[in-house]
Every structure is written in C-alpha cells, then in structure tokens.
Amino acid sequence: MASSSRGRGVAGKTWPGSHMVSSTARRELGFPSLCLPQKTSYGFTNASLPLEGHSKSKMDNDSDEDVVDLAANSLLNKLIRQSLVESSHHVEVLQKDPRSPLYSVKTFEELQLKQELLRGIYAMGYNRPSKIQEMALPMMLACPRQNLIAQSQSGTGKTAAFVLAMLSSVSADKKFPQCLCLSPTYELAMQTGQVVERMGQFCVNVNVMYAVRGNRVSRALGITQQIVIGTPGTLLDWCFKWKLIDLTKICVFVLDEADVMIDTQGFSDQSIRIQRALQPGCQMLLFSATFEDFVWQFAERIIPEPNVIKLRTEELTLDNIRQFYVLCRHRSDKYRALCNIYGSITIGQAIIFCQTRQIAKWLTVEMMEDGHQVSLLSGELTVEQRAAIIQRFRDGKEKVLITTNVCARGIDVKQVTIVVNFDLPLNQDYEPNYETYLHRIGRTGRFGKKGLAFNMIEVDKLPLLMKIQEHFMPVSKPHVRLSDPTPVEGTAVAMGCAVRDGTGPVSYSWQRRGPGGRAGPEDLAPGRQLNLTAVNRNQTGWYVCTARNEVSNWTSDAVYLDVIFGPDEPVVSIEPFATADGGFIAVEREEVTLACQAASNPPSHFVWLHDRAQVHTGPTYVIPRVARAHAGSYTCLALNPRLDTRTQTTVQLTVHLDPPSSLVPAVLGAAAAATVLASAASLLLLLLLLATRRPDVCPRECPGRAAPLPGPLRLPLAPQPRAGWLEAAHAAHLTPRPLSPSGLGRLPVPS
C-alpha cells in the first residue's frame with residue numbers, strides 16, 4: 001500500500017509469513033518495496049491466544065482489557081509532572097464584556113498580593129506565572145471578582161491559579177467555610193489540598209478541611225476552616241443533610257476537572273445542586289482539560305456570565321512518524337518480528353502497546369527471559385505504582401515499556417523513538433479505534449524528533465489496518481460546486497464540497513464572507529452540502545468550505561453567489577420643491593432634477609416618460625429651465641436586464657409662475673426679509689417727496705405750508721403674499737419699488 005505524499009500513511013513491510021499474501025495482491029494493495037526475509041518456523045505451537053480467525057466473541061472473552069480511567073489519568077499526570085510544563089498552545093480569551101480591557105501579568109508582584117502569599121508562591125518554586133496564569137489570575141483577582149471557565153492541561157499551573165484565588169479571598173478572622181472546591185475523586189481532592197497547604201503555609205490562621213470519604217465532623221463543633229475541598233457526594237451531605245456548611249457564605253466556588261466530573265455518573269447533577277444554592281455574588285471558577293460539546297453544555301449551565309480561556313490545541317501530527325506494518329501468522333510470529341526490530345535498529349527507548357493485560361504480561365515474561373530490560377504498566381497497578389514505573393522509564397533504567405491503553409496519552413518521554421502496536425487498538429464493535437491509534441503512535445515523533453511506528457498484524461486484520469490508513473490520509477483541498485452561481489431570489493441553491501476519494505471520515509464547515517470578502521466571516525451549518533431553500537439578496541457573497549479530518553484541514557477557494565433580484569418599486573424625487581401631499585411643484589425658469597432609485601441585481605436600467613412619451617434614459621433627468629410645458633405626469637420605469645422584468649412609479653409635476661406661500665419655509669423667510677426692505681424703501685421715498693415739495697403745490701386755503709393729509713398714513717409694512725411676490729422680493733435687493741398711490745393720502749393738484 002502506498003504511503004502518503006506527506007509521509008502520513010502506513011508504509012508497507014512484511015516479516016515472517018509473507019507467503020500468505022500473493023504478489024498480485026500486493027500490487028493491488030499498492031505495497032511499496034517489501035522486505036521479504038526467508039520464511040522460518042519458530043516452533044511456537046502452543047499460543048495461549050490464537051489470533052487467526054479471531055472473532056468478536058473471542059475478543060469479548062478477554063475480560064482483562066484495560067479501560068481508561070480519566071480520573072486516574074489526571075492524578076497520574078499530576079504525580080509525574082515535577083515542574084510546570086510550558087505549553088506552546090495559543091491561549092484564546094473570550095471576555096464576557098468585549099469592551100473591557102484585557103490584562104496579563106509577567107510577574108506575581110504585579111498582582112499586588114499579600115506578602116505571605118508571595119512567600120508561599122516562591123517557596124513552591126514558582127518564579128513567574130505560567131501562560132495560563134498570566135491571563136487567568138488578573139480575571140480571578142479582579143475587583144469585583146469575575147466568573148471564569150478555563151481549559152488547561154495538567155502541569156500548566158491551573159491548580160495553583162485557583163488556589164491563589166481562594167487564599168486571596170478568605171478572611172482569617174472568620175471561622176466558617178468561605179471557599180469551596182469540588183474534585184471528582186478522593187486522590188485529586190487530596191492533591192489540591194496539598195497545594196493549598198504549601199501555598200498558604202505563611203498565612204496565619206487559614207486552614208483547610210477535606211470533605212472526603214471517611215472524614216467525619218461533629219455537628220456540635222461544626223467546621224471552622226475557611227477552605228473546604230472535597231468530592232461532590234460528601235459535600236452534598238455536609239451541605240444539605242448535616243447542615244455543616246452554609247452555602248450562602250461561600251465567596252469562591254471552584255469546580256476542578258469538569259470533564260472527569262461529567263464522566264462520573266451522578267457527579268454533574270450533584271455539582272449543579274450545590275451551585276444553585278450559592279449566592280449570586282459568589283465567584284465561580286470551572287476548569288477542564290478538554291472542551292468537548294458535553295463539557296460546554298455543563299459549563300454553561302453551572303457558570304453564569306463567564307470569561308472563557310481556551311487553548312488552541314496543537315493537533316497530533318504524523319509528519320515526523322514513519323509507519324510500517326508487519327504481516328504475521330500468529331502471536332509467536334509477532335514476537336519474533338519484534339525481536340528482529342529490536343536487534344536491527346538502534347533504539348533509544350520503545351513503548352509496546354497491547355490490547356489486554358494478559359498479552360502484556362505474556363510479552364513481558366518473554367522479553368525478560370530473552371534478557372531485555374522491560375517494565376510493565378497496566379491498570380492493575382495503583383496510581384502511585386504507575387507513577388514510579390513511568391519515572392524509572394524516564395530515567396532510562398528500562399529501555400522498553402510494555403503497556404495497555406492506560407498509557408496511550410499524556411505521557412511524554414523525549415527518548416522514545418519507536419512505538420510498536422503489538423495489537424491494533426479496537427473498540428467493542430471490533431472496529432479500529434482511530435483516536436487511540438493516533439495517541440499511541442503519538443508517543444514518538446515528539447519535540448521535533450523523528451519517530452518510527454510498527455504495527456504487528458495478522459492477514460485477517462489487514463482490512464482493519466487499511467481503514468486506519470484511509471482514516472488518517474491527509475485531506476485534499478476541497479472543491480466547491482454551486483447548483484446555480486446566479487440564482488434568482490426565492491429559488492433554491494445547493495452548494496457541494498468534494499475532496500479526493502480515500503481520505504476517510506471528513507467533517508465539513510461553511511463560511512460566508514459577504515460581498516467583496518469584507519463582511520464576516522459568518523459561520524453556517526456544517527455538512528458536505530449547504531442547502532439554501534429560498535435564497536435572498538442578503539445571502540449574496542463569497543462562500544468557502546473547510547474540510548478536516550484527524551490529521552489535517554484545508555479550505556477551498558472562495559466561490560461567489562450572485563443572487564439576481566429586483567427591480568424593487570422605484571422611488572422618485574424631484575428637487576427643489578415638494579408638497580405635503582406627495583406631489584411636486586416647480587417654478588418657471590428654475591432648474592429641476594428628477595431622480596429615480598430602485599434596488600436590483602444586476603443594476604436597473606431607467607427610462608423616463610412624460611405623459612407616456614419617452615424623454616430620457618438614466619437614473620437622473622435634469623430640466624435646466626422648467627416651463628409650463630414641462631408640467632404633467634412623469635413615470636420612471638426600472639428594468640432588470642437579466643430577468644426582463646420592470647417596475648414603475650408615476651408622479652405629478654405642477655409648474656407655477658411663482659410658487660404659493662405653502663411651499664418651502666426657507667423661501668418664505670427670504671420673502672419676508674424682502675418685504676421689510678420694500679416697506680423701508682417706500683417710507684424713504686415718501687419722506688423724500690415731502691422734503692422736496694415746491695411752494696405752488698400748496699393749496700390757496702393755506703399758503704406757505706402743506707395742507708393736512710386726509711386720514712391716517714398707511715404703509716404696507718407686512719403685505720400678504722400675492723401673485724408676483726417672489727419677483728418683488730428679488731427686485732427689492734436691487735432698486736426700490738414705487739409705492740402705489742392707494743397707500744398714501746390723495747395729494748391736491750395745483751391749479
């Protein structure tokens with residue numbers, strides 16, 4: 001079988017028993033250059049576990065198959081990590097209020113802690129905050145305190161982080177529980193308590209109580225310790241059955257190892273019951289090594305309005321690992337092939353994985369009898385015994401570690417150069433366990449080094465190995481196809497995402513990036529095909545599909561969905577005048593602009609009709625000097641050239657010599673000013689006439705002086721608008737307008 005172009009595939013290799021696969025079959029399977037040693041009979045005839053013709057029923061008889069205990073693994077990781085692990089994962093922070101500033105610290109002094117806490121931190125060997133502590137501690141120690149959901153692996157300092165938050169919150173003068181920490185097991189609770197005791201060793205009168213099995217408290221004496229750490233079941237009894245803890249006085253609530261807690265039946269419900277009895281102001285902190293969907297659902301139920309710290313986990317890669325398989329007839333062939341590998345390759349250290357404890361024990365005995373330094377690690381051992389064996393292996397006292405799936409993840413030894421799958425990892429349905437396979441061979445090829453992985457298989461297991469190779473084949477670049485790249489609004493559109501065949505299980509996700517690629521991205525429904533049942537104009541934009549499997553992901557080129565729609569009903573405007581009833585009025589000799597808008601894709605073509613006769617094409621029609629002949633109905637036609645559809649809007653235009661007073665208020669203001677000027681000019685003219693009057697104008701009855709004017713003097717200070725008033729207002733700016741004689745007293749004519 002051909003290996004992957006990126007070195008991820010399982011390269012082919014046979015060992016004793018190569019005669020069982022014909023050359024024709026090898027060519028069909030695509031085996032690369034095969035190593036075909038001389039066929040040898042090794043004389044192992046009494047195998048206690050026949051592997052040929054292995055069936056599910058026989059597999060079920062292996063009752064000693066190790067089941068991975070998440071709580072035990074978590075404790076094991078705590079025991080074997082003697083110092084902080086500087087994670088290379090990218091820390092992603094999601095604040096409950098994105099507008100608030102995001103702080104991080106590089107030293108513990110920046111946190112302004114009490115001196116006794118600083119002494120305790122340095123006494124534990126911490127010189128500076130770890131990556132997750134840099135982000136989490138400012139949130140946990142902020143005032144007011146903030147809730148937090150954090151993802152963190154063992155060894156990253158997350159226990160010290162929430163212990164510091166608890167110790168910073170307690171008051172030594174108050175002799176009742178103030179901080180509560182839930183752990184899934186007795187051992188993990190004791191581990192957390194040890195961290196509290198070490199960090200708080202200089203805090204006077206601050207004590208810890210363990211709510212675990214076997215620890216009894218007198219109801220008469222009660223609990224005077226400020227920090228209580230325990231398992232959910234025991235704490236539930238202490239809080240509700242025995243009334244030893246007043247949950248309304250708890251100021252910090254910590255839920256550690258949430259993924260392990262959920263994995264344990266009943267613990268999640270017990271934790272939720274305790275949490276619901278807390279006061280709204282209580283700070284709540286949740287930590288989990290993984291963030292699967294079920295963990296998120298649990299976290300959202302139990303932690304209100306949280307800040308979130310996530311680790312962008314580095315995916316296990318197979319790029320540095322060359323994989324081989326060895327065809328064998330039975331278990332004895334497997335052992336002989338293992339010895340050949342061990343003798344022909346310079347090995348630093350090796351881990352051999354077996355499916356059951358029985359096979360692991362048998363293999364350990366065989367290798368020890370042949371003089372190899374090996375150690376056995378299985379689920380029968382206590383956590384402390386497992387930690388001691390792993391430490392000896394790390395120290396190089398044994399070169400080979402034989403184990404079951406209990407060591408498949410979380411154990412990092414730099415010197416491991418070879419991983420051997422003595423048995424393929426299978427699930428209860430007798431199908432390959434892909435995740436376990438990935439974590440098994442991921443014990444080598446770490447820290448940038450090269451690694452080798454060998455799979456010992458029988459011929460009848462070859463199809464299972466082919467499934468594994470297919471599953472971990474790197475995904476190819478996906479190609480997106482549209483059923484219609486330019487659909488009409490309201491019709492259905494399907495988008496399909498395709499990758500190269502033989503890639504194995506692939507998950508697909510879609511994103512829309514908006515017109516021009518500027519908006520978004522907007523996450524859409526997952527799946528190989530994206531169906532838009534009734535596409536609308538808002539779904540116009542660029543679409544990409546991302547295909548991913550266990551070892552890689554790849555995003556397609558963007559394809560553009562151009563939704564055809566419209567035209568909508570045109571909106572017509574005429575400048576500069578409009579009436580309240582929606583009509584339009586223009587003034588003779590003024591410039592008038594008619595504008596039309598209508599949403600459409602592709603853009604509409606516009607045609608203007610005046611009294612049903614076409615006068616213009618385009619969205620804007622300008623009449624430089626409007627005349628009475630331009631009055632009438634104007635229709636704007638919006639045409640979609642792609643759909644051959646049209647919409648229209650008709651408006652009425654009235655042309656006046658001068659507009660009435662009911663028009664634009666700004667014009668009225670100018671007219672009023674012109675009227676005042678005209679009145680002032682009239683008064684000035686009257687005074688001028690009186691001052692320059694000749695003597696013979698005076699009547700005989702009163703020689704030498706003017707006769708009294710009959711009646712009061714009436715000046716047109718605020719005449720009402722009438723026809724031609726706008727022209728008068730304009731003229732008033734240039735020359736005074738002569739007053740009408742009707743506005744003055746009648747002057748006698750000299751004889």
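Backbone N, Cα and C define each Cβ position, glycine as well.
So that you can see what the record holds, here are the features copied from TrEMBL:
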type	residues	note
REGION	1-22	region 'Disordered'
DOMAIN	106-134	domain 'DEAD-box RNA helicase Q'
MOTIF	106-134	motif 'Q motif'
DOMAIN	139-309	domain 'Helicase ATP-binding'
DOMAIN	320-494	domain 'Helicase C-terminal'
DOMAIN	478-562	domain 'Ig-like'
DOMAIN	570-654	domain 'Ig-like'
TRANSMEM	663-690	transmembrane segment
For the motif 'Q motif' (106-134), mean pLDDT (0 to 100): 91
Helix, strand and coil totals (DSSP H, G, I; E, B; other) for the domain 'DEAD-box RNA helicase Q' (106-134): 17 helix, 0 strand, 12 coil
Counts of helix, strand and coil residues, the domain 'Ig-like' (478-562), according to DSSP: 6 helix, 37 strand, 42 coil
